Structures are given as C-alpha cells and as structure tokens.
Amino acid sequence: MDSMKRWLLATGNEGKVRELRRLLTGYPVKAVGLADMNLKAEAPETGDTFLENARQKAEWYWQRASIPVLADDSGLEVDALDGAPGIYSARFGGFETHAEKNSHLLQLVREVPPSERTARFRCAAVYFDGDRSLHAQGTLEGWIDFAPRGEGGFGYDPIFLLRPEGPTLAQISPEEKNRISHRARAFTDLLDQLLG
C-alpha cells in the first residue's frame, strides 16, 4: 500500500503542475492533479487579493475532493501599469494565449524607459485539509523586457527579466527557476510550515 499522503494540486495550468511536482520532490507527498480526481479547473476567483483567491480555490476543491489541497494564486505586477495586471494576470486584456497577453502587455509599456520597467511576480500559496489552513507568500522582483525571449517556463516568463540586460525566466533552467521563483519561495515556506 502506498504510504504517501495524497495532496491535490488545485490548478488546471499544466506549467504550474510541473513546477509544483518538482518542488514536492523529496517530500512524503504524492501530488495529484485535477484530472486525476475527475475535477475541472472551475473554482471561483472573486477575491481582491492573491491570498483571498488562493484560499477560495483551496476550500472549493477540498469540498469536492476531500483530500488536502495545495492552491495558489499568482500574477505579475508592473509598476508602470499601477500594479496591473495583478490578480487579473490570467485573463489580462481578455486574451486567451500567453503570447497574446505578453504582446498586449509589451504594447502597453512600449514607451516606458528601461529603468522604469520594474515589475514583480507575486504568489500566495495555501494548504487546506478541512481542519487546518496555512498560507505563505513569495515575490520575485525584476523588469519587463522589450520583447519575448526564451522557450522555457510559461505565462509571462519570456518577458520577465531577472536583472537589466540579464536572462528572462524563460531562458533559465527549470531547476534554477524552482530555486528563485515567487512560487518556489511561497511553496517552500508553506511546505516548511507543514513538513519541516
């Protein structure tokens, strides 16, 4: 019999699922996705913050799966856009594809000089098991590039610079990203609270 605890990863985003499974390597946990539980990515996200949205997702999926849930909400905040897209990152501009959202964002900041293209990824991670709710948050500071670069990662990674003139998140290895990303920071803190 499998002695590992099963935890549901509350996301339909396969990029996030891959990242979270890598982060859980070495922990006594078996990460199961929504499809493994015959669930769809349809949890409400009506909060005003990343943390509120992550809590909503965790509780919503726990009510349907009855196993511990790891949920997150994350997004990109661009200072020149007053923090947008923020909690609307996944639906930014009404576009569906990552390439369309990236193109839209780059168009909005096209006249912004390099020194003012500061941005950050933010992640709120939540664990919920019906009795206990824990959370952690992580950020990754950077800049918005002038054009997409790199084939790795997902979402806004191809336009997010780690430092001026440096690589984008899409140009570094998955292992390096899992050491430094906002999601890695939030989930590492959360896992330390749970299992550390």
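Backbone N, Cα and C atoms are what each Cβ position is placed from, and that goes for glycine too.
Here is what TrEMBL says about this protein:
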ACT_SITE  Asp73  active site, proton acceptor
BINDING   Thr11, Gly12, Asn13, Glu14, Gly15, Lys16, Ser74, Phe154, Gly155, Tyr156, Asp157, Lys177, His182, Arg183  substrate binding site
BINDING   Asp73  Mg(2+) binding site
Coarse DSSP state, helix versus strand versus coil, of Asn13 (substrate binding site): coil
Tertiary neighbours of Ser74 (substrate binding site) (same chain, Cβ under 8 Å, six or more apart): Phe50, Ser89, Phe121, Arg122, Cys123, Ala124, His182, Arg183, Ala186
Listed binding-site residues (Thr11, Asn13), ranked by Cβ neighbours within 10 Å, top entry: Thr11
Site with most surrounding Cβ atoms, counting all protein chains shown within 10 Å, from the binding-site residues Gly15, Gly155: Gly155
Cα-Cα distance linking the residue listed as 'active site, proton acceptor' and Gly15 (substrate binding site), given in Å to the nearest integer: 13
Per DSSP, three-state class assigned to Asp73 (active site, proton acceptor): strand
Number of Cβ atoms other than its own within 10 Å, given for Asp157 (substrate binding site): 24
For Asp157 (substrate binding site), the three-state class that DSSP assigns: helix
Between Asp73 (active site, proton acceptor) and Asp157 (substrate binding site): CA-CA distance (Å): 16
The residue listed as 'active site, proton acceptor' versus binding-site residues Thr11, Asn13, Gly155 - nearest by Cα: Thr11
